[in-house]
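Peer 1: Feature table excerpt (TrEMBL):
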DOMAIN    B:9-451  domain 'Cytochrome oxidase subunit I profile'
TRANSMEM  B:12-35  transmembrane segment
TRANSMEM  B:55-74  transmembrane segment
TRANSMEM  B:86-108  transmembrane segment
TRANSMEM  B:120-142  transmembrane segment
TRANSMEM  B:149-169  transmembrane segment
TRANSMEM  B:181-206  transmembrane segment
TRANSMEM  B:218-241  transmembrane segment
TRANSMEM  B:247-274  transmembrane segment
TRANSMEM  B:286-307  transmembrane segment
TRANSMEM  B:327-347  transmembrane segment
TRANSMEM  B:359-385  transmembrane segment
TRANSMEM  B:405-430  transmembrane segment
Amino acid sequence: MSELLTKSRARNVFYGGSIFFVVVFVALTAQSHRHIVDKATAGMPLTEEVALGKHVWERHSCINCHTLHGEGAYFAPELGNVMTRWGAQDEPELAYEILDGWMQAQPSGIEGRRQMPHFEITEEEMRGLAEFLRWADQTDTQNWPPNDAG
Amino acid sequence: MKYQSQKVAYAYFLVAMGLFAIQVAGGLLAGWIYVSPNTLSELLPFNVIRMIHTNALIVWLLLGFFGAAYYLVPEESEREIFSVKLAYIQLAILVVGTLGAVGSYLVGIHGGREFLEQPLWVKFGILVAAVIFLVNVSLTFLAGRKTAITNILMMGLWLLCLLWVFAFINPDNLSLDKMYWWFVVHLWVEATWELVMAAILGFLMLKLTGVDREVIEKWLYIIVATALFSGILGTGHHFYWIGTPGYWQWVGSIFSTFEVVPFFAMMSFAFLMVWKGRKNHPNKAALLWSLGSSTVAFFGAGVWGFLHTLHGVNYYTHGTQITAAHGHLSFYGAYVALNLAMFSYAMPLLRGRAPYNQVLNMASFWLMTGGMAFMTFTLTFAGTIQTHMQRIVGDYYMDVQDQLGLFYLMRFGSGVAVVLGAVLFIYSMLVVRREVVKPGPVVKDAKLAGE
């Protein structure tokens, strides 16, 4: 190896190869960007309500207990398909009512049960959050998760 | 220590160890909440504790990298750091930003993208600190001798700082948000940080084993080539189920399988250099941490990463305790242990003493490594059961979690061992002044008995 692969050759392979893979990666992510906007998430419009819901989701750091499309913390249930689980994916009003009812009942205070905090959320924000979760649920995630349990 | 300005590394390492203590304390508390879920549930909810646990980890690892750069760039470049004052200003900004972030988390002010929860002003602070850092080390680097170690280190540090820009990009479209979020998260820990790791490991091998620089540097280029060739398109293993196209299942599976290679190469490199070097360097603790880091990184990042990286497997294991098992062992092996190796090597030199604390230091290695290994096993078992019950059978999340209590109890126990190890490490670095066990005599070219 030492004759054929000198230090400067190894260095050139490293630089040249890295540039090649960066170019391929950038091209694929550009294509993926279009795929996400035009196809995977196009089933439901990205309204201001959905965007508001995303901000509510972020402001309360939901991701540090829950997963969303499998990413986040593993302390609380997956929420990428929660609206399907609740049978509310196609009914915005029902989605809002179940979500609101659930969140108003937290924390449960039951001994030995994981506790979800109580969040101060206005009705407008709660409706946004419900729409955001419906919007996330309609994303084409290549049929993940395997079942409604999330 | 050959150059006065290397001394700034000391301040970086001290702050890093302080945050390390906060990180493991937060981890222990979070582990306890899994066992006893009502603990602090209204005062300090789980999500806040987890933010402190992960953010403290990331910041202290970065501080360790910055400190390592300030230590080794002067020695490699054969000159003083461009500006010591800038290095301290950079540290001050990062300390204020970190305290500000922790303070805001405690009062409920934070963003909501995982690991990037820092308030905007803190993010800008980090950006400013990164720019100061790059200017400072780059000017030192450019003016002096250039080696493969500093080439690779500089490239890793520049790229990781540039990728920080994606921390500011948060599209309203959740899937786009996730895709660009990985530009920071994956391309840090599975690409650019690996360059930094390889460079620091190369430096330690150079110092500890005395092997010829040419040999070490050629190895380094091969290691980092395999890291980037696999790691860049390996990002695809995060693009399976977030709304990205289906072809990522193949791209991600194939390239992330090769992500095992750089970790295997780093482990082989470390052992081979120690074997070839035969140098009897007095700092055995630093050597143990260096070998341990590359070994545990191979298992944590390499083996446990491969365990769930193929898309057919990941379809079932994605977002379960399997991920948590892999995350803990890979961060510990690749980045925690490597930083502790660098601290173990540099601290005695920075304080102008012979390495004096090695037995306690090495005990802390085994305590922490044993604890992390046990934690990984318990979480892997928990994740296996969770995957089966939830993803195959279809039982609901909380029903499944209720079945995993024993594993979470054992995980907490292993966390206690890790915290004790961390405390012992910091104690051996900062407090103990004498060696606790007298080393035996060094016999050059010793003959075996009866030979």
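The backbone N, Cα and C atoms fix where each Cβ goes, glycine too.
Walk me through the surroundings of each of these features.
Peer 2: Residues 66, 69-70, 73-74, 77, 79-83, 86-87, 89-90, 93-94, 96-98, 100-101, 104, 111, 150, 154, 157-158, 161, 164, 167-168 of the same chain, all 6+ positions outside the transmembrane segment (B:120-142), place their C-beta atoms under 8 angstroms from a C-beta of that stretch.
Packing against the transmembrane segment (B:149-169) from elsewhere in the chain are residues 65, 69, 72-73, 76-77, 116, 123, 126-127, 130-131, 133-134, 137-138, 141, 180-181, 183-184, 187-188, 191-196, 198-200, 202-203, 206, 216-217, 220-221, 224: each is 6 or more residues past its ends and has a CB under 8 Å from a CB in it.
Away from its own ends, the transmembrane segment (B:218-241) comes close to residues 148-149, 152, 179, 182-183, 186-187, 190-191, 194-195, 198-199, 202, 248-249, 251-253, 255-259, 261-262, 265-266, 269, 273, 309, 311, 314-315, 318 of its chain (Cβ-Cβ under 8 Å, at least six residues beyond either end).
Tertiary proximity for the transmembrane segment (B:247-274) is limited to same-chain residues at least six positions away from its ends with a CB under 8 Å from its CB atoms, namely 190, 194, 197-198, 201, 205, 208-209, 211, 215-216, 219, 222-224, 226-227, 229-240, 287, 290-291, 294-295, 297-298, 301-303, 305-306, 309-312, 334.
Below 8 angstroms of C-beta separation, residues 284-285, 288-289, 292, 296, 300, 304, 307, 317, 320-326, 328-329, 332-333, 337, 340, 344, 400, 403-404, 407-408, 410-411, 413-418, 420-422, 424-425, 427-429, 432, 435-437 of the same chain, each at least six residues beyond the ends of the transmembrane segment (B:359-385), sit close to that stretch.
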Peer 1: Restricting attention to the domain 'Cytochrome oxidase subunit I profile' (B:9-451), give the mean pLDDT.
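Peer 2: Value for the domain 'Cytochrome oxidase subunit I profile' (B:9-451), mean pLDDT as a whole number: 95.
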Peer 1: Determine whether the transmembrane segment (B:327-347) and the transmembrane segment (B:86-108) share at least three Cβ pairs under 8 Å, counting only pairs 6 or more apart in sequence.
Peer 2: no
Peer 1: Would you say the transmembrane segment (B:86-108) and the transmembrane segment (B:12-35) are in contact under the rule of three or more C-beta pairs closer than 8 Å, pairs 6 or more apart in sequence?
Peer 2: yes
Peer 1: Take the C-beta pairs under 8 A between the transmembrane segment (B:181-206) and each of B:55-74, B:86-108, B:405-430. Which stretch has the highest count?
Peer 2: B:55-74
